[in-house]
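What follows is a set of notes on a single structure, which appears directly below.
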Amino acid sequence: MNVGIILGWTSPIMEELLGPNSPIPMTVDESSWFVSVIDWGLILGSLPFGVLADRWGRKPSLQIIGPMALATWVALLYVDTFQGLLAVRFMQGLLAAGAYTVLPVYAGEIAGPKIRGALGTMFQIMMYVGILYVYAAGMYLDYTRLTYAAMAGPVVFCALFATIPESPHFYVMKNRLADAKRALVWLRGDDTGSSVDDEMDAVVECICKEMRNASFTELFTDWVSLKALIIVQGLSVFRVMAGVTALISYASITFAEMHVAVDSNKLSLVFACSVLFSALPSTVLADRVGRRPLMIVSCASCFAFDTAIFAYFYVDTCTTYDVTDYGWLCVLAVGGLSVAHTLGLGSLLSTINCELFPSNTRSIANAVNTITLTVASFLALKIYPVLADDGGMYRNYLISSLFSLTSIISCFLWLPETKGKTFAAIQAQLRKTDDLV
């Protein structure tokens, strides 16, 4: 949720910052740096947080994010220069890197095989809750008051996360078996049945085998691990380039070009709602339908809606045909795109990334994935307003439609199914098939 607040905070205040009464004046080009500088923090923070998660633990690595996030929001109240604003946003990027890198690993490890997909999607859902929260607050609050409202996220996190246990997998990695058993009992709510003992034995057996046969270098030298890494990096690029990532940050300026007689900030709020509520079905479907079918449907639907949005902006800009009366169709297409994206690309990536790698490389693999996500996001956020300037909005969605088309083919050919399988079973499947299908 805190990551969502950090990402979404820029959209409702963008018009104020670009306006004549801006508290921190900036140009359109500078505004793209303001939005995208957070990605440099994500790049530089991912690997350190991955290492910390394996050395200190998943929980401490996440726990430090709360007070540090609160400190950045306080700092924004006193910053009065563009350079200072960039520095604070960079720090927020470092903290977001911690969440992106460690939280999917933690969520995957505390979940049982039957609910891992559902719990993995909660990471994305809560991020959308944060975006919706800051969009809604941004309709009524200016720069300063919205910054105060953003502080609620870190405060709630610090209060609640202190009661949650460490990952049993991490305890086993450190040979703290008694602590692992206590954490597992807390998580499963059962200290008398045999299910906890069976799961504990399975975790110990799996991690002992992984720690004996795997190393960090295997992530890049073992062919099966390398193919898994390539698949996840490809999905990361497709996720960003489908168009929703840029829409989250530039929703207000995008809706302003759709010739709809509704305030762009209100449309941004509706967009955030559609993103959030469209993520809810994936919580159920991920463990029933499976990861692979949902991803293929998601990519195909993104292609269809990206193409529709491209067509609208192209006709509006490059032809003499009047599309003013059809702006609502473009708004609907944006809503459809958010639903399609969230169904698979937006909600399942962290789950798939967690499932394809063994325990001792899982955090580092997730850090590499975060860097890929960040580089792609930085490029997408940087070029979006530049391409959109002077009526070129259609160019953004032409690019998105081409990436979405490529993602359909890639998921169909190479994405494995991991639904309902333990980490040990997934690794056995990958080692046995050697072709990830």
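Backbone N, Cα and C define each Cβ position, glycine as well.
Per TrEMBL, the features are as follows:
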type	residues	note
DOMAIN	1-419	domain 'Major facilitator superfamily (MFS) profile'
TRANSMEM	33-53	transmembrane segment
TRANSMEM	60-79	transmembrane segment
TRANSMEM	85-106	transmembrane segment
TRANSMEM	118-140	transmembrane segment
TRANSMEM	146-164	transmembrane segment
TRANSMEM	237-255	transmembrane segment
TRANSMEM	267-286	transmembrane segment
TRANSMEM	293-314	transmembrane segment
TRANSMEM	326-352	transmembrane segment
TRANSMEM	364-385	transmembrane segment
TRANSMEM	397-415	transmembrane segment
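Note on the transmembrane segment (237-255): residues 7-8, 10-12, 14-15, 35, 131, 135, 262, 264-265, 267-268, 271-272, 275, 299, 302, 306, 309, 331, 334, 337-338, 341-342, 345-346, 349, 372-373, 376-377, 380-381, 384-385, 388, 393, 396-397, 399-400, 403-404, 406-407, 410 of its chain, located 6 or more positions outside it, place their CB under 8 angstroms from a CB of the stretch. In this chain, the transmembrane segment (397-415) lies apart from the transmembrane segment (85-106): fewer than three C-beta pairs between them fall below 8 angstroms, excluding pairs fewer than 6 positions apart. Note: the stretches the transmembrane segment (33-53) and the transmembrane segment (85-106) are in contact (3+ CB pairs below 8 A, sequence gap of 6 or more). Contact between the transmembrane segment (85-106) and the transmembrane segment (364-385) holds: at least three of their C-beta pairs are under 8 Å, each pair 6 or more apart in sequence.
Counting C-beta pairs under 8 angstroms (sequence separation of 6 or more), the transmembrane segment (326-352) fails to reach the transmembrane segment (146-164), with fewer than 3 such pairs. Listed by sequence, the residues of this chain that lie at least six past the ends of the transmembrane segment (118-140) yet keep a Cβ under 8 A from its Cβ atoms are 1-9, 11-13, 103-104, 107-108, 110-111, 146, 149-150, 153, 248, 251, 265-266, 268-269, 272-273, 275-276, 279-280, 282-284, 286-287, 342, 346-348, 350-351, 354. Within its own chain, the transmembrane segment (60-79) has Cβ neighbours under 8 Å at 2, 6, 24, 49, 52-53, 85, 87-88, 91-92, 95, 98-99, 102-103, 106, 144, 147-148, 150-151, 153-155, 157-158, 161-162, counting only residues six or more beyond its boundaries.
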